[in-house]
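J.: OK, TrEMBL features for this one:
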- 1-32: region 'Disordered' (REGION)
- 13-27: compositional bias 'Polar residues' (COMPBIAS)
- 48-66: transmembrane segment (TRANSMEM)
- 54, 56, 57, 61, 296, 328, 394, 397, 398: Na(+) binding site (BINDING)
- 78-99: transmembrane segment (TRANSMEM)
- 120-148: transmembrane segment (TRANSMEM)
- 160-169: disulfide bond (DISULFID)
- 211-230: transmembrane segment (TRANSMEM)
- 242-266: transmembrane segment (TRANSMEM)
- 286-310: transmembrane segment (TRANSMEM)
- 322-347: transmembrane segment (TRANSMEM)
- 382-403: transmembrane segment (TRANSMEM)
- 424-449: transmembrane segment (TRANSMEM)
- 455-477: transmembrane segment (TRANSMEM)
- 489-513: transmembrane segment (TRANSMEM)
- 533-555: transmembrane segment (TRANSMEM)
């Protein structure tokens, strides 16, 4: 018996799906079993909670939420954001925590217990997680470069007297009568583009230039930290997150207090929260809210499955889902104040509107706009150091989660080869991720990062999350899944959760997919517009992960013994099986509507 089989709950080893018309799907009590000795366990409950919070709260909470919030109506955006969180993000978050805890296995082998034909979802998740590691750790390496550069009495992005500056460099801080035009570039922008990235030495994706050895060294240090945090399993990573998951909150609080005392800070806060109610009638606002909450909470990445699989069988995953989701959303909201107090300060100094300062989004907000504001404050060196320490720790937490999803999935699928070789396997994985990141370390590496971010994850992970929700709710069966939760927590999930899992949450994901495909945003970074051939390459990258789902389905149908008629039951049998699985839910919904 393999390790994942020995750890699986007895109630999950029955025949999956409608193997014959007479299959009895009436709820059967599932015995509560204890955690097996062969599987790692969290040393403390807080190790798990901090790991989940650390994964969910990442750099996107700091740069993506504030920008999307002010762009989509300010305070009014909180309405669609909360609605999408309640009916879409949190139910999917809860579902993954419950699945991982009950079946106690990774994103690949879990499908033998849920619906084997969907096993390709697990492989797709691993490929997507690899793409994320190829570009996400490069962003952390940029932050490490800034961190090293911050140890100076005068920050190098404060003035225009450096070798990398051009005649367009305009330093408006501490000076009067400075003219700012469309060609002007701040010292912080030129430090980022011409010294950190050296993007001016690249012609675009057609000629990305050579590898920046300084960034390669930074990335090597990042992956060294990652390796020694993950090589022994959750017992080591669970200790590391006590620092990496809590330190960002200390720094955010310090920066919030400092930002609130700056002149013009109130302008930024007003701009951030002033509601524009007419925005609520725009479809794009609701799409942005749905996408933001999905990528913020992170269901579908396999991380929640992996982390919760090391929990005790009777752990209260329902409470964990509510607490960690609430912490994530409140962190995003708090980050907005941290960012926009600084933007208001910059607008005051430039004597322009806040919207003219807040045009940057994505990494540019963290590597240009915010460092520029810090550089011109009293105690700039201290605030720069703690700010980039915060960025590094935020990024590391998410990297720990993403790579742990791959490690757990592959090791649980092939325990006979990897059960006692975790250190070697993690080393190999880290080397692969490092080599895969080399293209992002070139002069044009920022262009590669943007391409991987848009197409390597983007619609692919949303489609994977959609299929996962459908497979669990409609093929595994909402009744069986509810019985699993009952066996762990001692009570069934309420009607609200069942309706979300069966209908609302899948519709939430389908809504994002359709909207993104109908109105794809033009791809552009700085002044570079991505050529058509690069968009084609991007779609190929996206398809390279998702394609494993239909490939495995075909493989399963072809290689399963018996004829197609024997493998595939009649439509009537499928309908009867589905009705039996979902009859309690249908009756419950009908009774509630009647009364």
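For all residues, glycine too, the Cβ spot is worked out from N, Cα and C.
The shown structure was predicted, so the numbers you read here are calculated from the model rather than taken from an experiment.
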J.: Under 8 Å between C-beta atoms and at least six residues away from its ends: which parts of the chain pack against the transmembrane segment (533-555)?
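T.: Contacts with the transmembrane segment (533-555): 117-121, 123-124, 127-128, 131, 205, 451-452, 454-456, 458-460, 463-464, 467, 523.
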J.: Where residue 296 (Na(+) binding site) and residue 160 (disulfide bond) are concerned, what is their Cα separation in Å, rounded?
T.: 37
J.: So which residues does the transmembrane segment (242-266) touch in its own chain, when a touch means Cβ under 8 Å and the partner is 6 or more beyond its ends?
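T.: Tertiary neighbours of the transmembrane segment (242-266) are 46-47, 50-51, 53-54, 57, 331, 334-335, 337-338, 341-342, 344-349, 377, 383, 386-387, 389-390, 393-394, 396-397, 400.
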J.: Other than 54, 56, 57, 61, 296, 328, 394, 397, 398 themselves, what residues in this chain have Cβ atoms within 8 Å of the centroid of the Na(+) site's Cβ atoms?
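T.: Result: 53, 55, 58, 60, 298, 331.
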J.: Taking the Cβ of residue 160 (disulfide bond) as centre, how many other Cβ atoms lie within 10 Å?
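T.: Taking all protein chains shown, residue 160 (disulfide bond) has 17 Cβ neighbours within 10 Å.
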J.: Could you tell me whether the transmembrane segment (286-310) and the transmembrane segment (489-513) are in contact, taking contact to mean 3+ Cβ pairs under 8 Å with a sequence separation of 6 or more?
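T.: Contact between the transmembrane segment (286-310) and the transmembrane segment (489-513): present, because at least 3 Cβ pairs are under 8 Å.
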J.: What residues elsewhere in the chain lie close to the transmembrane segment (78-99), defined as a C-beta under 8 angstroms and at least 6 residues from its ends?
T.: 52, 69, 72, 110, 114, 280, 285-286, 289-290, 292-294, 296-300, 304-305, 308, 317-318, 320-322, 324-325, 329, 333, 465, 468-469, 472, 481, 484-485, 488, 497, 500-501, 504-505, 508-509
J.: What's the CA-CA gap between residue 394 (Na(+) binding site) and residue 169 (disulfide bond) in angstrom, rounded?
T.: 31
J.: Same chain only, please: residues at least 6 beyond the ends of the transmembrane segment (424-449) with a C-beta under 8 Å from a C-beta of the stretch. Say none if there are none.
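T.: For the transmembrane segment (424-449), the list is 130, 133-135, 137-139, 141, 197-205, 207-212, 215-216, 219-220, 223, 226-227, 230-231, 363, 403, 406-407, 410-411, 418, 525, 528, 530.
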J.: Just name the winner among 57, 169 (the recorded positions) by count of other CB atoms within 10 A of its CB.
T.: 57
J.: Roughly how many angstrom lie between the C-alpha atoms of residue 54 (Na(+) binding site) and residue 169 (disulfide bond)?
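T.: Cα to Cα, residue 54 (Na(+) binding site) and residue 169 (disulfide bond) are separated by 38 Å.
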J.: Tally Cβ pairs under 8 Å between the transmembrane segment (382-403) and each listed stretch (48-66, 120-148, 211-230, 322-347), then give the stretch with the top tally.
T.: 120-148
J.: Measuring Cα to Cα, how far is residue 160 (disulfide bond) from residue 57 (Na(+) binding site) in Å?
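T.: Cα-Cα, rounded: 35 Å.
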